[in-house]
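These notes are about the structure you will find just below.
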Amino acid sequence: MASSLVLVAAALLALASSWQQAIAYDPSPLQDFCVADKNSPVRVNGFPCKDPMAVTPDDFFNAAMIIDKRRDTNNKVGSNVTNVNVESFPGLNTLGISLARIDYAPLGVNPPHIHPRATELLTVLEGTLYLGFVTSNPNRLFSKVVKKGDVFVFPKAMIHFQMNLDHDKPAAALSSLSSQNPGVITIASAVFGSKPPISDDVLAKAFQVEKKLIDWLQSQFWDTNY
């Protein structure tokens, strides 16, 4: 009897564990579609559904000019990310997918960042990129030089980056992401540009440098937008 109870308890724990893992991802749709109603006063984890009878073909369409044009990369890092997610494309709601176009200036960088809710599959549209991701501890780097037509995958929530290796030519890539709203946390701006700022005592100890260097780094991110 006791052994049976142990087995039942173990099974319940396994089910609970798998259920917790499942809800960490975008929920599976429970109907054909759920076009986001961004004007609804209802607050849910995601967006409520637009009345299906009011849905039109345009809700499932996004004009080509959103991602087929090169974007301005005149900024400190030399890159520009154009997102096509549920915020700009309500028809993606509950479908668990989105896109992003990344443009790079010569030697431009898409700085180390994570997508907390998505795996990313990147295809190089033009140029030559050095890219990679870093695993959780013990922090192994997987990197590669990729060219037009090459595809590289960044596992979910891993720190990753890209850099255009050309000194005089722009580059571009198109990414597919496994979430309607992948989110992004840029490591440098999160650490040194958070509001309110992280204590320089904490950061000086973490990076093993003097506080005046931390203060200078923080000053580079105040009022700076990527």
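Here the Cβ of each residue, glycine as well, is placed from N, Cα and C on the backbone.
Sequence annotations record features per position, and here TrEMBL assigns signal peptide to 1-24.
A 10 Å cutoff on Cβ-Cβ distances gives Cys34 (disulfide bond) a total of 23 other Cβ atoms nearby, all chains included. Residues or ranges marked as disulfide bond in TrEMBL: Cys34-Cys49.
If you look up TrEMBL, you'll see 64-215 marked as domain 'Cupin type-1'.
According to TrEMBL, the feature oxalate binding site maps to Asn110, His115, Glu120. Non-local neighbourhood of His115 (oxalate binding site): Phe154, Lys156, Ala157, Leu177, Ser179, Pro182, Gly183, Val184, each in the same chain, at least six residues away, with C-beta under 8 Å from its C-beta.
What TrEMBL lists as Mn(2+) binding site is His113, His115, Glu120, His160.
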Original post:
Could you give the mean pLDDT over the domain 'Cupin type-1' (64-215), rounded to a whole number?
Top reply: 96
**OP:** Rounded to the nearest Å, what's the C-alpha distance separating Asn110 (oxalate binding site) and Cys34 (disulfide bond)? Just drop the number here, would you?
**Re:** 32
